[in-house]
């Protein structure tokens, strides 16, 4: 302390001498301003973390401490960063602090005083320490990799970013590992980062700021290695494995003898595995790995560790139990199950009365299940479990909870598929799906949609013939399912109109015929029906698919245009008059011809296609959702309210919206926006589903909606994963499910309209482990699952636990989006395509219900548009007649629309065909030769290159021959190419991609 005070005295004397000898220098710089937002946080029984706002012209900070508010403050540190960890303090003691900023002009004024009290036990659990060694490394033109030291006791990390050092830092990620790949960044842009550690007590102070500048080319250092695993393999040996990283030429492996110790490089490898031998028996070793290519090293992987055994076997403590599930069996019993763990001989089961409460051991078991009896009625209990063997105890499992019931039954689900059909001038027939567990049904009727609904019957079967009605009158119905536990919610409303006379119901149309008239047209004819004033035509892309009403016509024929080539379409027709509608005709179907074939009945009348466009947008995300709603819904009994601020709970709302033919509207957390209110009122909504708990949409919003006379049902769980399961359960019966990450939005958004169209729920999961109970639930309810996204967002560990899983993924969010659309292309109608930004969630979320209503895809776009997205739209030019944009020009600029218009007109009837048989051949360490088949009528060829298959392809040459030698390349690097043929009529589509890797230089 004396040394610090002496140093400060010397600095002050030097400054006085400098001011006398060099007065101009003193006047050129003023002392820094006073630090603000000075905060002290107790981190443990002996540590307090201090943070404050950085001062622009400060070079260091002087920190002072006292044991009394008005006591003597002594200088305890001089630091260059605006944070400090004060350790070695007394237990349960209060410390007071103030800070000064310093530069060459001198010391600024002292800050206001802040203080904190250390915890009162040495074992007390406090907020984590401030993260250290935050490093930002440019990985490419659109990616920066972040790493920092793991913090003891931290359960997650909050990462923040700004575009200037002193700018506004926004939270961009919450991650459980001390690393993050920030993608989707602008080329040659500088980004600034800081991070906080978090646990159940709270957040640490901010780390020091780190920054990096993205490259101005697409080739960069490799990604951070994932799934590093350390496994004991006998006496003195640990085996290491990790995932292969695209573009990496080698891997640097590091080891330490403690988690926070010094890591030394022990091997440089070209493979993704290593056997570390010669280790001390019973010693624990810690590892991390970096990927390397000619551009540099990636960030460090997450740390993995293992204990070398003292025998020639791999016997060690068992792994933490997985898939712990708690299920209420009665008012006083909860059943527990979990996965059996290899090598475990017993299991220790613990229980608490709250999530963060004290867990007591309630049983020691040899099997992975337990029936916990003697519990209180209607109470929630929390559980965790450890596996054990003679080597020791595993870590704890994830926590599972369940609430005992206050009765042995639960209320039934809401009835679905209520249908009202006119039977005569005085009778309407009602049917609906039977509901499991229902003992009766309450049927209600009103004479107007928003009128008073009166109970007209109590039934035990899901059908009813309502007789004695007035001629030519419309009646509205809804139904509830009932059992001894209570009544379900109301079904969707169904209506029908009795006929004018007892015998004027129309006949069903006959002899429906569908004839292909080219690659984009089908002609329909059927027999005219006596008394019909019009006909409703319905179309689907599969016999078992959803038939959408595409048009109403007054004649017994129709020409259906703007169809996809080589696609089978299915049709049905109804006859209509003032008395009602007939039954559906028999189905007719045919297949449009493939592109390039001719048709004598409907030849193309133009050599180019101009795609129409429209934009649905408001001043903000709430107005945009309202505009989307207005474009399709005139009235709606139901509406979905989702958060416009946070994506997680809102992602799974689209399938529920389609189930109830409801729009998705947005709300902020604490108040409902005026555009949303206006839509609820104008649509005459009677029931709202709120997606998410009070932490995302407060009770204040719920009450505002109730004050409008609207019934509110909230679907919420303890977290985003439980909420998605609640929404799935509200969907009723289904045999498929979509599994998507709950940690980001693009993957779930990509499949939302398709899942909604097919009646498939979207269920969220963490990356590496299925939430408690979800595995069992899925195995009981679904036959197969679609997993959206690569192993970086939904790991193989999760994938392998799912029923008949199929992964839909791409290199990034845009490739994943296209992968999903292509997989379901036969179910989609590409006449209308919707565009939304891939960088934020609200616009696409609100639009997903609309897209599902028309069986249309939502294409996620970046600015500029990804080449793969451009190519896909090009491939659908003959099918797309209109592009509708969700969101304003800040989200999807007009330049994106213009690029699609330009691409749609570039291929005329006389333009050359697409080059084929493109081949890339390595010539040397700096040259690759390209060849392709000559194209008839082509006058030149545009050659495009990139350093990744999903990267930006740049035009690198225009040649007149069918070959090209690309020289001046980097050694040991993979390059990707595609070619267009060109003549005066325009350009062809792109060829398939070819690639080759230059040789490794011997120099």
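Positions of Cβ are set from backbone N, Cα and C atoms, glycine also.
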Of the ranges 497-526, 527-556, 557-586, 587-616, which one does TrEMBL flag as region 'Disordered'?
587-616
The domain 'Fibronectin type-III' (34-121), counted residue by residue under DSSP: helix, strand, coil:
0 helix, 41 strand, 47 coil
Does the domain 'Fibronectin type-III' (914-1001) come close to the domain 'Fibronectin type-III' (224-311), meaning at least 3 CB pairs under 8 Å for residues 6 or more apart?
yes
How many of the residues that make up the domain 'Fibronectin type-III' (414-501) does DSSP mark as helix, as strand and as coil?
0 helix, 41 strand, 47 coil
When pLDDT is averaged across the domain 'Fibronectin type-III' (224-311), the result is 82
